[in-house]
Amino acid sequence: MASVSEHCLNEIKPTILKCDKNKDRQYSIDEIVQLLKKNSKNPERLAVLLFKSLNKKLDESICFNDIDDREISKNCDKFQDKPEIDIESFLLRFDKNNDKMISHHELKTKLDELGCGNSKKTTDYVFEQIDTNKEGSLSYEDLEGFVKFLKQDNNKKTSLPSV
């Protein structure tokens, strides 16, 4: 039986290879997200998993010249349950100007797109709870701190209030 990561790789590899317009076999994480948006439920999360498993040089792009499916599968499994994957995919989904921060406007706009009826109240609440330094934007560190807080208090039921 195939692992989750093998299934993910089998799902996305043909699409990515087929969409290489200039045939240089180099992709940024944003390009991968765009490619996956058509056929994936959570393209940001899949892109982060793929990027982390392939980007050995830790630069701004990944290369498909030396793909080793078994190594990718092993690496994806290693990252699969790490909270930073979800944090990074959350940032990719909501950070429209690619500054690695989520502004009040970016969050509200995305919530409006998703059909949230009370996006202003929800956005205000999220920022009140997570923006600890009150900069007016959510950073990776803010989100990471919130995830750690939730993990510490995992016996309590924590959820956003209905607004």
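From the backbone N, Cα and C atoms, a Cβ is placed for every residue, glycine too.
According to Swiss-Prot:
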type	residues	note
DOMAIN	20-42	domain 'EF-hand 1'
DOMAIN	82-117	domain 'EF-hand 2'
BINDING	Asp95, Asn97, Asp99, Met101, Glu106	Ca(2+) 1 binding site
DOMAIN	118-153	domain 'EF-hand 3'
BINDING	Asp131, Asn133, Glu135, Ser137, Asp142	Ca(2+) 2 binding site
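Residues 29-30, 33, 42, 44-45, 47-49, 52, 123, 126-127, 136-140, 143-144, 147, 151 of the same chain sit 6 or more residues outside the domain 'EF-hand 2' (82-117) yet have a Cβ under 8 Å from a Cβ within it. When the domain 'EF-hand 2' (82-117) is classified with DSSP, helix, strand and coil residues number 22 helix, 3 strand, 11 coil.
For Met101 (Ca(2+) 1 binding site), the same-chain residues lying six or more positions away in sequence with a CB closer than 8 A to its CB are Asp95, Ser137, Leu138, Ser139. Under DSSP, Ser137 (Ca(2+) 2 binding site) is assigned to a strand (E or B) in the three-state scheme. Long-range neighbours of Asn133 (Ca(2+) 2 binding site) (same chain, six or more residues apart, CB within less than 8 Å of its CB): Asp142. Other residues of the same chain near the Ca(2+) 1 site, with their Cβ within 8 Å of the Cβ centroid of Asp95, Asn97, Asp99, Met101, Glu106, are Phe94, Lys96, Asn98, Lys100, Ile102, Ser103, Ser137.
Between the C-alpha atoms of Asp99 (Ca(2+) 1 binding site) and Glu135 (Ca(2+) 2 binding site), the distance comes to 14 Å.
Between the alpha carbons (Cα) of Asn97 (Ca(2+) 1 binding site) and Glu135 (Ca(2+) 2 binding site) lies a span of roughly 17 Å. Comparing the binding-site residues Asn97, Ser137 on other C-beta atoms within 10 angstroms of each C-beta gives the minimum for Asn97.
Neighbours of the Ca(2+) 2 site: apart from Asp131, Asn133, Glu135, Ser137, Asp142, residues of the same chain with C-beta atoms within 8 angstroms of the site's C-beta centroid are Met101, Phe127, Ile130, Thr132, Lys134, Gly136, Leu138, Ser139. Across the fold, the C-alpha of Glu106 (Ca(2+) 1 binding site) and the C-alpha of Asp131 (Ca(2+) 2 binding site) stand 14 Å from each other. In this chain, no residue six or more apart from Glu135 (Ca(2+) 2 binding site) has a CB-CB distance below 8 Å. Counting only residues at least six positions away in the same chain, the Cβ atoms of Ser137, Leu138, Asp142 sit under 8 Å from the Cβ of Asp131 (Ca(2+) 2 binding site).
In this structure, Asp142 (Ca(2+) 2 binding site) is part of a helix by DSSP.
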